[in-house]
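Accompanying notes for the structure given below.
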Ligand code: SAH
C-alpha cells in the first residue's frame, strides 16, 4: 500500500545501513543509497544504477522519495528567478535565486505559510499549513544551485532563510537541513555563507547559541520601540524587545558572531529621530550591523516606504555612531519575488 511507504530521506545513514542488514544485504549498500539521496539528489530509485534491479525494487516497495518539483519558474528583468515549488502533498512554497555580479544567493522557505503576523508581509496572510521537512529545504537549495550553474555558469554561493515562514518555528528541521547542506556528504557549503533570518524568538536564539551553530543570524527588527514594533509585528507583545535584547547578547557572547538587523523605514511609523535613536541604542548591546531594506508594497497601501531624506537621516545617524549600515535594493519585484512578497500568487 502506498500509505505504508516511508519517506526514505527521514532515515539517517545508520538507519539505512541497518535496513539493508536486516534485509540480508551488506551495510555498505546503505552508504550507496545515502549518497544517491543526498549528494546526487536522486529523484527516483531507478537512477541508482550501482544497485541491482532487485534491490531497487525492494526499495521501491518500502520507501518513497518525497522530492520537490519546481512547477513554475519565473525570471525577472533583473535576472532574479522565482521557483514555485510543489511538495509531495501538493502544497506550494516559493524560493528565489538572486544573482549579483559575483554571487548567487538562494532565498529559501522553511514553512508553508507562516504563523507570525507581521502586518507588512504577504506570507503572513497565508495561515501556517505545515513545517517543511529537512529534505524539502535541501531540495530547494539543490534546485537553485542547478539553475545557477545552468543560467549563470557558477555554483550557488550563499543561502538566506528569508523565504516563506519563520525558520526558528521549524527549528529542528531547519538545523537538520543546514547540517546536510554543509556536510561533505551533502553540498559541502560553508556555514558562513548561510544566514538564518528570524523575527526574533528569544528562547530559540539562545538555543541556537547553545547548539553552537556556525551560520549567521539576521533579525527582522524594524523598530527598537516596543509600542511601534508591537503595532507592526504583534507577536512582539509576547517576545518583547527586552527579551530579544537579552537573547542577542547571549548569542554574541557564545558565538562571537555579529548580528544583522533588517529594518524597513516606513512613513509615519518609524521615521522620526526618536526611532533612529532607539535603533542606535539597541545596536549597542551586541556587535551588529543594520541592513536597511526597501519596502515591497503588498497591495493594500497601509505601509509606505519613507522618503530618501529619511533614509539618509538613518544612514548618517547610524554611521556617526560607528554602526555599519547598508541600504539594500529590492530584487525581482516585477515577479513578486522580493522580501515579503512571497504568497503563492504564481503557485496553483
Ligand atoms: N520570518 C523570517 C524570514 C522571512 S521574511 C523573518 O521575519 O526574518 C524575510 C525578511 O523580509 C524579513 O526581514 C522581513 O521582515 C522582510 N519583509 C517582510 N515583508 C516585507 C515587505 N513587504 N517589504 C520588505 N521586506 C519585507
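Backbone N, Cα and C atoms are what each Cβ position is placed from, and that goes for glycine too.
The active site, proton acceptor annotation in TrEMBL covers 94. The domain 'Radical SAM core' annotation in TrEMBL covers 100-334. Residues or ranges marked as [4Fe-4S] cluster binding site by TrEMBL: 114, 118, 121. Under the heading S-adenosyl-L-methionine binding site, TrEMBL lists 165, 166, 197, 220, 221, 222, 296. Look at TrEMBL and you will find 339 tagged as active site, S-methylcysteine intermediate.
Distribution of TrEMBL features across the structure.
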residue : record                               : contacts (Cβ under 8 Å, 6+ apart)
114     : [4Fe-4S] cluster binding site        : 121, 123, 124, 126, 128, 164, 165, 166
118     : [4Fe-4S] cluster binding site        : 124, 199, 220, 232, 233, 340
197     : S-adenosyl-L-methionine binding site : 160, 161, 162, 167, 218, 219, 220, 262
221     : S-adenosyl-L-methionine binding site : 200, 229, 261, 262, 263, 279, 282
296     : S-adenosyl-L-methionine binding site : 330, 333, 338, 339, 340, 341
I'd like to know which of the recorded positions 121, 339 has the most other Cβ atoms within 10 Å of its Cβ. 339
Among the S-adenosyl-L-methionine-binding set 165, 166, 197, 220, 221, 222, 296, as the record gives it, the longest Cα-Cα distance in Å: 19
Give the three-state DSSP assignment (helix, strand or coil) for residue 118 ([4Fe-4S] cluster binding site). coil
Excluding 114, 118, 121, please set out which residues of the same chain place their CB within 8 Å of the center of the CB atoms of the [4Fe-4S] cluster site, keeping sequence order. 116, 117, 120, 122, 123, 124, 166, 199, 340
Look up residue 94 (active site, proton acceptor) in the DSSP assignment and reduce it to helix, strand or coil. strand
Looking only at the domain 'Radical SAM core' (100-334), what is the mean pLDDT? 95
